[in-house]
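*Asks:* Feature annotation from TrEMBL assigns transmembrane segment to B:6-25, B:32-51, B:57-77, B:84-108, B:114-132, B:157-174, B:204-226, B:246-267, B:287-310.
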């Protein structure tokens, strides 16, 4: 029982982290057909800059905000300098975003050195609760809560505001939105920035969870996010949450019971989805 | 084109001959090792060019085949006697494994759109990396293992000549392949896949064959790579390997075959020089960042790469510019 609850919480926490990364990826893709291979770079930059800021100021909440701000800035720069010049060319886009990923992670090594760095949760988030016989680690619950807050905030924006309406309409049919006189390029820039910021948030949240940060963490996690985007359906926001939880849970249970197979199972799931249901499992759910 | 082609062949043959004579004229162990490395990576990059430059396929998992060749050679020479026979056997095993896997992966993934294909190949390669890390009884995990070489390959000069021969042979074979009617169909697929289909060709079949040729060639380069190191570890399956091929091909010039060779020379030489500069400023330790930036600029401003841009200047045709912009633009 205790084991199952813990695995459940682990899986949900990992799922939330993947969701934060995948949410931006899926919206960017849905809106502009851009598959951003540099997305993992924002994730790693969020982790490094946030942990650095936390080390300097000692304020974890401020560090979270700082990492998200770094994500926003990086997102804006990337969109302007990297994505825009090759807009509309799929192969160039794929090539250039991967190249940028390389530059982003090498830059991290230039600034913070090539070795792994330690990362710790703040005092008030360390330790655990004891409920009955079950030990629940605080930080993991914290990740789940932050993930849910992010999900509901964005969900609210997408469903209840004018800008959300435009984004949803753009995912469905961007030519039509443009024909209505809306400058979709600006909306795209905004979505790109928010997506990058969420990725940075995810990276910072992961740092104390895994205990160390390293420059390649971006790519490692981005692969999971790609899997989630495919399973959830490209462009589907809710789908990416459901798929992320699925991948997180299957990862945590598999890692416990048959650890060799954990990544293979998620990959297999993605391959099956791509072959039999390329629009994704949760396609059409918003 | 014909004139240019003949001159090109002549050029390659002359440079090749000079390179063959080099170890007998100028004796430098470091240079020999560096050039050997360049030849091996040139083979890898040329195999990548076949996909990216000629067929218009972006694979992010090409390291998978490099690694298959590397581990086939490593494991066979580690477990069996090290003779010329086992070396050839290990090359053959790598080629056969790559053949089977590229057919399987190809049929699974090549019908997908470019985004999904790139993503899926990335995922497949990472799966191979995980297997190599976990299957410790066979691969010794991350640490890797060393293995003995047969007597005749231990000589650096001899190994240099072997690698050079491989590179030149593969260059001419791939050139022949890309200029064949089959190769023309590949280029047509890159230019406009739907039109090729409506002409009655079956693009998937052509793309799978292209990825088989690319995969088996990459496997040969992987085998040679570990032979040159006498050591193999999981790094052969990493994203960095694919990135190397990508940088060499794009910077050198896509769809030219000679471009990847030049790209390989450029990057390996720069690696060598810039690592020496690391004592001056630590930024040189991260030399690859310069190539990352160069690569991005190339994709935006010179999608033809070095060779393509120069060739364009010489032939002075505006027509080719458009054609090559499509190469990378799809």
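Each residue, glycine too, has its Cβ placed from N, Cα and C.
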*Asks:* For the transmembrane segment (B:204-226), which stretch among B:6-25, B:84-108, B:114-132 has the most Cβ pairs under 8 A?
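*Replies:* Checked against B:6-25, B:84-108, B:114-132; highest Cβ contact count belongs to B:84-108.
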*Asks:* Can you tell me which of B:57-77, B:84-108, B:246-267, B:287-310 gets the most C-beta pairs within less than 8 Å of the transmembrane segment (B:114-132)?
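*Replies:* Stretch with maximum Cβ contacts: B:57-77.
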*Asks:* Counting only pairs 6 or more apart in sequence, are there at least 3 Cβ pairs under 8 Å between the transmembrane segment (B:84-108) and the transmembrane segment (B:157-174)?
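*Replies:* With fewer than 3 qualifying Cβ pairs, these stretches do not touch.
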*Asks:* Which listed stretch (B:32-51, B:57-77, B:157-174, B:246-267, B:287-310) has the most C-beta pairs under 8 A with the transmembrane segment (B:6-25)?
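*Replies:* Comparing B:32-51, B:57-77, B:157-174, B:246-267, B:287-310 against the transmembrane segment (B:6-25), the winner is B:157-174.
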*Asks:* Can you work out which residues elsewhere in the same chain, 6+ from the ends of the transmembrane segment (B:57-77), have a Cβ less than 8 Å from its Cβ atoms?
*Replies:* 44, 47-48, 51, 86-87, 89-91, 93-95, 97-98, 101-102, 105, 110, 114, 117-126, 128-129, 132, 138-139, 144-145, 147-149, 207, 210-211, 214-216, 218-223, 225-227, 231-232, 236-242, 245
